[in-house]
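Data block below; observations after.
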Number of protein chains: 4
Amino acid sequence: MSSTSGVKKVVLAYSGGLDTSVILRWLQQRYNCEVVTFTADLGQGEELEPARKKAEIFGVKEIFVEDLRETFVKDFVFPMFRANTLYEGQYLLGTAIARPLIAQRQIEIAEAVGADAVAHGATGKGNDQVRFELGYYALKPDVKVIAPWREWDLTSRTKLLDFAEKNQIPVTKDKRGEAPFSVDANLLHSSSEGKILEDPAVGPDEIVFQRTVSPESAPDKATEITIDFVNGDPVALNGTTLSPATLLTKLNELGRINGIGRLDLVENRFVGMKSRGIYETPGGTILLTAHRSMETITLDRDAGHLKDSIMPRYAELIYNGLWFSPERRMLQALIDTSQHSVTGRVRLKLYKGNVICVGRESPNSLYDARVVTFEDDEGAYNQEDAQGFIKLNALRLRLGAQIGRKGGAL
Amino acid sequence: MSSTSGVKKVVLAYSGGLDTSVILRWLQQRYNCEVVTFTADLGQGEELEPARKKAEIFGVKEIFVEDLRETFVKDFVFPMFRANTLYEGQYLLGTAIARPLIAQRQIEIAEAVGADAVAHGATGKGNDQVRFELGYYALKPDVKVIAPWREWDLTSRTKLLDFAEKNQIPVTKDKRGEAPFSVDANLLHSSSEGKILEDPAVGPDEIVFQRTVSPESAPDKATEITIDFVNGDPVALNGTTLSPATLLTKLNELGRINGIGRLDLVENRFVGMKSRGIYETPGGTILLTAHRSMETITLDRDAGHLKDSIMPRYAELIYNGLWFSPERRMLQALIDTSQHSVTGRVRLKLYKGNVICVGRESPNSLYDARVVTFEDDEGAYNQEDAQGFIKLNALRLRLGAQIGRKGGAL
Amino acid sequence: MSSTSGVKKVVLAYSGGLDTSVILRWLQQRYNCEVVTFTADLGQGEELEPARKKAEIFGVKEIFVEDLRETFVKDFVFPMFRANTLYEGQYLLGTAIARPLIAQRQIEIAEAVGADAVAHGATGKGNDQVRFELGYYALKPDVKVIAPWREWDLTSRTKLLDFAEKNQIPVTKDKRGEAPFSVDANLLHSSSEGKILEDPAVGPDEIVFQRTVSPESAPDKATEITIDFVNGDPVALNGTTLSPATLLTKLNELGRINGIGRLDLVENRFVGMKSRGIYETPGGTILLTAHRSMETITLDRDAGHLKDSIMPRYAELIYNGLWFSPERRMLQALIDTSQHSVTGRVRLKLYKGNVICVGRESPNSLYDARVVTFEDDEGAYNQEDAQGFIKLNALRLRLGAQIGRKGGAL
Amino acid sequence: MSSTSGVKKVVLAYSGGLDTSVILRWLQQRYNCEVVTFTADLGQGEELEPARKKAEIFGVKEIFVEDLRETFVKDFVFPMFRANTLYEGQYLLGTAIARPLIAQRQIEIAEAVGADAVAHGATGKGNDQVRFELGYYALKPDVKVIAPWREWDLTSRTKLLDFAEKNQIPVTKDKRGEAPFSVDANLLHSSSEGKILEDPAVGPDEIVFQRTVSPESAPDKATEITIDFVNGDPVALNGTTLSPATLLTKLNELGRINGIGRLDLVENRFVGMKSRGIYETPGGTILLTAHRSMETITLDRDAGHLKDSIMPRYAELIYNGLWFSPERRMLQALIDTSQHSVTGRVRLKLYKGNVICVGRESPNSLYDARVVTFEDDEGAYNQEDAQGFIKLNALRLRLGAQIGRKGGAL
């Protein structure tokens, strides 16, 4: 096989696992090019050093191993949570939000080492290929993208293992048999999908869950916590200021033990099919309730409604891999503008899968007990104003009804 | 006091309680007009016949007592749930959705008995006055609306009780003291607000809750149920076909015992202030998850995204009392159009506050395991298509990046 | 060449021109299959019978020649105009709206004649390939689609002419040289693009225009007309009831002589690039102003605002070829619901490129001079209501300003 | 009359005309308070010094006369035009956009002179009262607002003139009779409404128009101009750099002589009624086409579509007087983010009411002739990519059609 494609140097997103090891070797053979590996810690919970050693064994000269957890949470997870983002009403986008960071670092490394290509290990049916590649192209428009799963002929497990064997790629015993489902993980979530999970009529077995106990197994006593926010981002847990990644890590642990953040979902992929995933987002689930609760007293009504109205579009963009797009940047500007006063403290009760807000306070609170009270409000609100308010809001409806269009008939 | 206002006959939304009894008498005195009472059963859980008797005592000649539960659920609750409606991301609109029906029946009665006015017992600070009156005006544009709480001088509890005493209005012992908070209830929910609940920094006491046990007190064992949908509406529970109100009643009971549907919320009123409410929507909370889950396999992706994008506006309309408006009707047409195939069965696990979907199946399922599978899909999906899909989706981003606008920069 | 692809019979959208004649012959050779031709009159202003004769010469046995003008206007153009649809604020979608009808008839014919494939003459860079093929797939999911311009090697004009010559395809003299730009036309519009029009810094030469005189050449005296609407659709011109296609034809003539409906636009294609087109939509431009003007007095405010807010999405769907999609159907339901009272008469002045509304009247008019008048309104509107209306609309802003968030600061 | 209201000092928006002079005197009498006048030049085309002299005659001690034209155009008009803002698809918001600036300066002056109240001359039926007062309250939540037209008993022309006479307020001869319609003007537009214009079935007489000749009276020869933009704002006309107000003034003159920018509209007021206005926005109409044209080559597709989708809401906010609101600020952040590369030159032809773009160029152009060309593109675009693009976009439609939901049926 010759390098007819003209690829000279490729940066591979490399986990050190079997699949990306096969890809590494395959790239060396198929493209006869230099491979640079990039292994990132986004909180997936795996050792990174083995990946370095394996890469060395394959003769890789430029090996990048990086801990990106703080960047991941600070620059990707938190901005997304400012919008209370949910895809299709339920999914916290744990996989989607990690892809742009990986793509960005891959491209930065490609620029640094003079590589002309990048490669990833995502399959041809999923969203991740789209997310990686839209990121690549947006950041380096002339980059050559290699997606081995769409190109090669290792289309079955057997062929893959054969290739591994022929190429002295170590296959651990547990990888010989096929995994019963596929897992993706980072500091925000883990997802499981495929194979035994492909029938949406059947609930997931308990063994599927990676990072949460079941609500049933969680403690019988609730845990109460506080989260402090500054400008829309969480900064402290139980009064202790923490870095973004540390805070999320601790929330994950709190979520884990209290059975929080499981989701069994059928979702719609950007590539046009429905798929079923089991998600666990323990810390993120706590954070969503915390942030929304913080906003309830600090955010203006119409500011909040505007955010809610654009959120589905924002979520869709992230899901589809369009983090690095003009429209995501524009929506982010709108969202970030709204967060300047989202500062204060939220109290939450965690109990067997439930995240319950039991208190919120803020120096910027717009909640005014003096106005809303059933008691004497000392003139803070003039009840007579309500009549004019209603009369003019009703005017167009009355004018319509007067000519026979009653009840809002058209 | 004379009837200078020219009101001849007024239809009062009458609960039979102290407040609306005072209103009844006050209307008779202040407006010197005939009062017609209208008492409806919307599932608030109170006897209606005492209201009839009290009205008789006040000399009311035309007394309407009606069981509207089926209409309420079929024509108001279910249409709203087709949109997975949540106000401000959290509130299931239990109070808001009941008001249009009351307004509609009041106006129908006014037309039937030849009344020229209607009256309600909502205060001048809340949303309900708006919801009632927008409904009245939209249905009968020339109606005279009387909102006693905005008009009279019974501005304190003491004055109200004085008035009651002077007018032989019976005051039960428990009403002598002030209630520690105010309650609204119907078949969909109960809400509690005011007084001891006015500080959003403090969680609600257990005594506040009317229709749910706490998650902590719920059974240690999950309950599993099935709900069947036809065209977007639930029709059967555990395989048994039920009428709308019966179905919701049974879901309420299931929710109650499993600690489901509590919400402690600070929300934004249409009249411009933030208020704090404690809501319990046991059956509705189950229904929301059930309906969303049913849609995940039966609804087209972009149909669902479109619904999600207009939902916040739809929720706002209902919250603001604009059920009888052209724009709500237009959105309903859009929503209803989407539900033709939302038919099938959802399996749910109810456990200590959690509603967990553990299975969905439908004759109209768009989920196609053959396409999504990690296994051999026999050509159902051509992975090579993904490259073109990504390349053209990336094209505008690449063209931008080529002239220096990298990563979606503007 | 063998029929390895397994195509047995293909329905070709056939104009009778050089390009689709080459395609016809190429299909016969490359796929060794039976070709069925479908030639439609959508008002492009060309004779159809020559297409029939040419098809006969090529040995085509099943030839469909159809006048679809009424269907086109009634079921596609008018529904679209109900939404005052403009793509990117300017384009009346003349090309886009014709494609779904062609795709639909092609598929209906394919079903009728037992064809397993369809083919079109659109290029691989444009929107039309997408529009045709999304229509095909949505209507007949198993259909085989042949897009010769993406498949063959006739990639230059010379090769195409060579092929024509070798295959006895008559080439008229004026087709020997390359056209200086490419034209698409139907009853709604004609568009011109490509070649001499590719530089957006340079305005189009007068020779580009097909169906309008220039404003400069139009009469020095205005033409005044009336258009009558029923339920949102135009039904009469100057008081004479006309069929949809006849009405649009007459509006085109009125637009043509008055220099109306020219547009020089750079737009964004669905496939990701910007392109430049010169559009002429004389009748449609008149119709847009007429319909909007009709709505100004018959449509409720918030109904109109809701329509306006979803219009860009609706336009995008049609532009992208998603007429036959769930989301377009849902939006159409919303739009159509709004049109029930859009009935009445609009008076317009046509003058040198201008379409000026000079009068509108309707039995359903919501305009109420009695309310709006500066004169005595006899109590139709109570000016005191305005104070309460303003006070409550201001409340949230005041509460914000009181804690330092002045002027709507966040 | 005593100052029971407690108003000590009021800042009046004072034009020097009859109505606000009556208000001035009425305030002094009714509130027995000090009146501060504020007269601003927003380009309405009237001398300001007479207002100063009149105020002196009324004994006003603090008189503010300010030329705000540059601020008006730079900080209000141009930001609004960045969004291609049109209310109800047609109205360029000339009146609405001026109100926030007046309100802002009035409040700044109130703060400076220690006034506790502000007053304006807008009527109780219109939008302007809302716009002024929402601005006041948002900027100074405790301000006392006096709206004489809603308060006093000078409810007829005769009473007003009587009051003027009794109070030695000079009434020019032409003001003795009632004006046949009411006019508002500033540098962006003039509007005429009321009285002889109240019948929307009848077009406006030529005498109504203030600042444009009719298209018929415009020159027979087109004027060609260029406008240069930097970051979304116009900076130069025909190559000459001009200040914002100067540029708009010159565009107004160009529009005036070419019959550009007339609009006869029935619109929906925030207070709930339909009203009819005749607007003239000569320079603004040119600017709208210029800006949109500039964006067509410099703005990313989805950035533009996002802007278009939020524009109606943005326009509604400005129309309703919510310039100083959190949601307007958030939308502005989104809009402004999009304008960084909207830089370049647009060529326009002005001819008898028409504004025709005949060329656009930019250093930031995203239009790439190399990609879009019908000619050989040297590999800039791979036509084969289109197939995958279409196939995956069609996938959900095909899956739907396979289970019987053909053509996007739901």
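The backbone N, Cα and C atoms fix where each Cβ goes, glycine too.
Where the annotation comes from TrEMBL, it is an automatic prediction and has not been curated.
What TrEMBL records for D:A13, D:Y14, D:S15, D:G16, D:G17, D:L18, D:D19, D:T20, D:S21, D:A40, D:G121 is ATP binding site. D:S15 (ATP binding site) carries neither a helix nor a strand DSSP state and counts as coil.
Residues or ranges marked as L-citrulline binding site in TrEMBL: D:Y91, D:N127, D:R131, D:S182, D:S191, D:E267, D:Y279. Of all the Cβ atoms in the protein chains shown, 29 others lie within 10 Å of the Cβ of D:R131 (L-citrulline binding site).
Feature annotation from TrEMBL assigns L-aspartate binding site to D:T123, D:N127, D:D128. In sequence order, D:T95, D:A96, D:R269, D:F270, D:V271, D:Y319, D:N320, D:G321 constitute the residues six or more apart from D:N127 (L-citrulline binding site) in its chain with CB-CB distances below 8 Å.
Annotation comment: TrEMBL describes D:9-170 as domain 'Arginosuccinate synthase-like N-terminal'.
Feature annotation from TrEMBL assigns domain 'Arginosuccinate synthase C-terminal' to D:181-398.
Residue environment of D:S15 (ATP binding site) contains 20 other Cβ atoms, counted within 10 Å of its Cβ in all protein chains. Apart from D:T123, D:N127, D:D128, the L-aspartate site neighbourhood in this chain, defined by C-beta within 8 angstroms of the site C-beta centre, holds D:A122, D:K125, D:G126, D:Q129, D:V130, D:R131. Long-range neighbours of D:A13 (ATP binding site) (same chain, six or more residues apart, CB within less than 8 Å of its CB): D:T20, D:F38, D:A40, D:I102, D:Q106, D:V118, D:A119, D:H120, D:G121, D:F132. A simple Cβ count within 10 Å picks out one of the binding-site residues D:G17, D:G121 as the most packed, and that one is D:G121.
Here D:D128 (L-aspartate binding site) is positioned 17 angstrom away from D:G17 (ATP binding site), judged by their C-alpha atoms. Counting every protein chain shown, the number of other Cβ atoms lying within 10 Å of the Cβ of D:S191 (L-citrulline binding site) is 21. Figure note: comparing Cβ neighbours within 10 Å for the binding-site residues D:S21, D:S182, the maximum is reached by D:S21. D:Y91 (L-citrulline binding site): 21 other CB atoms within 10 A of its CB, across all protein chains.
Separating the Cα atoms of D:D19 (ATP binding site) and D:T123 (L-aspartate binding site) is a whole-number distance of 11 Å. Within the same chain, the residues at least 6 positions away from D:Y279 (L-citrulline binding site) whose Cβ sits under 8 Å from its Cβ are D:Y91, D:L92, D:G94, D:H189, D:S190, D:S191, D:S192, D:G261, D:R262, D:L263, D:L265, listed in sequence order. Using a cut-off of under 8 A between C-beta atoms, none of the binding-site residues D:A13, D:S21, D:Y91, D:G121, D:D128 neighbours chain C. Long-range Cβ contacts of D:T123 (L-aspartate binding site) within its own chain (separation 6+, distance under 8 Å): D:Q129, D:W149, D:R150. Averaged across the domain 'Arginosuccinate synthase-like N-terminal' (D:9-170), the predicted model reaches a pLDDT of 96. In space, D:D128 is the closest of the binding-site residues D:S15, D:S21, D:D128 to D:E267 (L-citrulline binding site), judged by Cα positions.
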